[in-house]
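Asks: The structure follows.
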Amino acid sequence: MNVIVVLAVILFLLMKIIGKEKGTKSFLSLLINFFIIYVAIILIAHNVNSIVVTILACILISYVSLFYINGKHPKTTAAFLSTLLTLVILFFFIYIIGSATRIQGFSEEEFEEISLYSLFIGTNFTKIVISTIIMSLIGAIIDTAISISSSMNEVYLHNPSISKRELYQSGLNIARDILGTTTNTLYFAFIGGYMALILWMKDLHYSLGTIINSKVFCSEIISILCSSLGVILIIPITAGINSYILLTRKQNLEGDIPFKLPQEINDKLPSEDTDKANPDKISIL
Amino acid sequence: MKNLMLHKKKILLYTLLTICCLFSLLFVYNDYNFYKETIVKVTTVQIVKKEKITDYYKNNDILYTQVLTGKILNGALKGKTVELKNQYSYSGAADNQYKAGDKLFVSLDNTSINANKNDSSASAISGTINGLKRDTYLVFMAVLFTVFIIAVGKKKGLFSLFSLIFNIVLFSLVMDLYLKGINLLLVCSIVVIVFTVFSLILVGGYNQKTFTAVISTLLGTFLTLIIAYIVMKVTNEKGVRYEEMQFLTHPPHEIFMAEILVGCLGAVMDVCITISSSIYELCETNPSLSSKALMDSGREIGKDIMGTMTNVLFFAYVSGGIPMLLIYLKNGFQTGYSFYMNLSLELIRALTGSIGIVLAIPLSLFTTVFVQQKFKKRSGLTR
């Protein structure tokens, strides 16, 4: 039996048992995401512009990861919108830093491995490195966005009379706890991936100057820092968008509601709030 | 009065941080004299040759040759002009295009130096390019990261920054221990415990919430390692392609297990702190909640984050294989074979990490609610 298959089966069973229907969906979304990456790589290999492919893939991936698993819910919409907004901001930043540091392609450490192959393949690796960084952080920012908006939603459900500002603050509080550990997740994931390389550098007694200027070290650090920046940036964005969506909607209860409220919210809403509702105000959804 | 003191402390801290950031930026911008290697700043660039090439697999590429003139920034020959030749391709998989303003590490050509010494009218010194000076960008990124994490995370941001630095130092020490001959998995296991306790206390403070998170993180991480170990043993590691790690002089199997352990730790920690943090936050906003309601809410959050958390690891790992995959695909390898060869280790890492994430949900939920209820009863408060 193949290790990958066995692990995948174990993961599927665990997700099904612990997450029930949502767990099954989560596993399926992993498969769908893998398929999206697969198609994206094939397209890039056929010389389609890698940046366009990456952006389309990221939109699809966030749509699948958020809406397919969590269903259509204001908290999901908030997470989706903030993911897209953060991606747009990050994209320009990564483009600039990715081309300035010239961390594309392979480093001298990998030359032995790649020397067997033709490297003049006509695909611009500066664009590839930008795609790679964006792909590696998309999961992290989607995760932070949904963690914040999901927790904020729970806080709101248990405390429906909360004000917009309080909800925003509550979101930031939760996010601060998440922030440190999410950067840790990324850090450990990268360390896990590069442990072998670090050992190699230690074996060869690289000097500090050589290490910090080397392509392989820089590309690793820049990937981690870009992902972390994404995770940091998305915190206020999600908290803001989510508190706006959750509470603006409440004010619109008597007006034209373009979407249906979940039953739990309706039950718990204090009646005086509905009296204050302003039917003229247009919800952003 | 006390408030004013706190305020003053804060201002002092921020001023110190700003000074540190500015100083480090200034430092890396002018640190030429700290390098033994010659550093050259490129002033003009000229493309002298442009040639279209087609490889064996019918991939079209363009090969450029550029001549760079630059000034030496350090050493005995400071201020002298240097002429450098550089060849790069459009794809740039293993070569670089250089631009005016770039700072390069260069080894100078000895004969041209001597000629220059004897005759000041001789043409510029020549040399070979060893690489780009990237430390400026690196420090710039680090400063930006510091500023952002403190601006958004405030005190907790600062603490997570400390924990990150601590982890880096500790990790470096572990690698040294391993090179001295101590079993890697054993060392990593001890370090995992230290990492967890330290990171979580630093991020969450020394309290009950952190305590529950530490316990569930350790349970989750080691349970995952055991599962991964059993699967690898039972299947005889069929389908694990260690070729990616072939440059190593150490047995790849041991290192890979340690990578799995460290790789899933962060993710498990993340799930545990998210769940315990949300449950405590719920209790604070609404202290009258029953433990059943807490469990339900926690389970709901767990289901919500399960899918996206597994995606974090999945993307962080799989994206790293893209450049090599492209080389394979463009070199005429079959699609299936290329994916299998390049992503097998990454997929195993992502899958074991995901198993850790899913396991951590019930573990942290039960631990948190259990500890909290126990505490509630003991203190006799309906907090």
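Glycine is treated like the rest: Cβ placed from N, Cα and C.
Keep in mind it's a predicted model, so treat the numbers as computed, not measured.
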Asks: Please find, within the list B:252-275, B:348-371, the residue stretch that TrEMBL describes as transmembrane segment.
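Replies: Transmembrane segment, as annotated by TrEMBL, spans B:348-371.
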Asks: Which one, B:159-178, B:184-204, B:304-328, has the most C-beta pairs under 8 Å toward the transmembrane segment (B:211-232)?
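Replies: Ranking B:159-178, B:184-204, B:304-328 by Cβ pairs under 8 Å to the transmembrane segment (B:211-232) puts B:184-204 first.
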Asks: Under 8 Å between C-beta atoms and at least six residues away from its ends: which parts of the chain pack against the transmembrane segment (B:304-328)?
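Replies: Residues 93, 263-264, 267, 270-271, 274, 337-339, 341-343, 346-347, 349-350, 353-354, 357-358, 361 contact the transmembrane segment (B:304-328) from elsewhere in the chain.
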